[in-house]
Amino acid sequence: MSYQPTPEDRFTFGLWTVGWQGRDPFGDATRRALDPVETVQRLAELGAHGVTFHDDDLIPFGSSDTERESHIKRFRQALDATGMTVPMATTNLFTHPVFKDGAFTANDRDVRRYALRKTIRNIDLAAELGAKTYVAWGGREGAESGAAKDVRSALDRMKEAFDLLGEYVTSQGYDLRFAIEPKPNEPRGDILLPTVGHALAFIERLERPELYGVNPEVGHEQMAGLNFPHGIAQALWAGKLFHIDLNGQSGIKYDQDLRFGAGDLRSAFWLVDLLESAGYEGPRHFDFKPPRTEDLDGVWASAAGCMRNYLILKERAAAFRADPEVQAALRASRLDQLAQPTAADGLEDLLADRAAFEDFDVEAAAARGMAFERLDQLAMDHLLGARG
């Protein structure tokens with residue numbers, strides 16, 4: 001298998017990823033700003049499928065209408081020249097100080113109304129550029145102290161906002177769905193809808209739940225100490241994995257945004273195995289930050305590394321699934337039984353079946369080994385390249 005990516009691999013990057021200048025709370029930028037046109041061209045050369053953007057990534061905040069149209073025109077020309085696509089777009093509702101207390105859940109009503117109009121304006125552009133997914137990350141929706149935010153009222157306002165956006169998209173006839181991106185904390189002390197589970201539960205309360213799914217990010221779920229592949233599996237099970245953000249994270253700490261494959265490599269292996277075996281057809285979107293130690297050559301090396309690592313893990317996961325010893329080990333661990341309904345014969349037959357309870361030998365069942373260690377070591381052998 002070649003580790004050289006092609007557009008058919010559906011790898012995408014946000015303008016804000018490779019465009020991150022290295023500025024953090026403790027230090028200034030270490031790299032110059034990148035022109036979005038340059039970003040499109042370089043990512044196309046690396047084999048990417050598309051780019052994504054916040055409104056302010058493409059059009060500097062406060063631009064006049066004339067300036068806005070000029071930025072969009074140049075961007076379109078770059079897309080046309082390279083064949084790159086825009087599968088997803090989103091709104092920056094976190095950088096400007098006006099959003100210091102949030103956007104859709106800000107205590108100030110006028111800020112909430114402004115946030116909705118800002119979002120709607122970029123939804124129009126997203127649809128114009130062919131995006132099929134609109135991501136919503138509520139990075140400022142939260143609080144640092146208990147009395148500062150009435151969470152129930154805030155969730156009412158969050159629901160109101162998404163219902164209005166769904167109404168707008170429907171009224172305009174846009175072929176666009178929303179993907180809510182959870183995160184437990186940072187920049188706020190506590191963020192609303194902190195995990196995939198919270199977001200999935202929230203979506204079921206919306207007026208048009210079919211329009212909404214999730215955009216889980218590797219590092220965000222791991223910041224909460226959760227198993228990312230398990231969260232993705234539940235999103236797939238619910239039919240709600242509308243988009244995914246791939247990066248790397250090393251445990252429960254600040255949001256590291258490492259290149260994909262860095263950090264928890266075992267989790268990355270199981271994630272790729274899941275996405276590929278489940279037939280996920282959406283973009284493989286990298287939301288990472290090249291370390292501020294890197295110059296621009298390092299930025300592009302980091303982006304290339306994201307794609308290369310995914311392709312290597314894809315190859316290793318496929319070899320794992322095709323290995324006859326692995327298939328035997330899966331049967332020994334009774335994974336085939338887990339795929340069978342527990343009571344396909346119905347409740348009446350279950351209650352009448354003495355072997356299910358009265359005659360069930362609990363001691364014999366308790367003594368059965370599960371053979372998980374053998375299965376896991378086979379996975380490790382494939383991950384580490386010890387098996388072909």
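Just so it is clear, glycine is given a Cβ too, placed from its N, Cα and C backbone atoms.
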Listed co-binder of Mg(2+) 1 (same site as GLU217, ASP245, ASP287, source Swiss-Prot) among GLU167, GLU181, GLU325: GLU181
Cβ-centroid neighbourhood (8 Å) of the Mg(2+) 2 site, GLU217, HIS220, ASP255, ASP257 excluded: LYS183, VAL218, GLY219, MET223, ASP245, ASN247, GLN249, GLN256, ASP287
Count of other CB atoms lying within 10 Å of the CB belonging to GLU217 (Mg(2+) 1 binding site): 27
Other residues, Cβ within 8 Å of GLU181, GLU217, ASP245, ASP287 Cβ centroid (Mg(2+) 1 site): VAL135, TRP137, ASN215, PRO216, VAL218, GLY219, HIS220, ILE244, LEU246, ASN247, HIS285
Euclidean distance between Cα atoms of ASP257 (Mg(2+) 2 binding site) and GLU217 (Mg(2+) 1 binding site), Å: 10
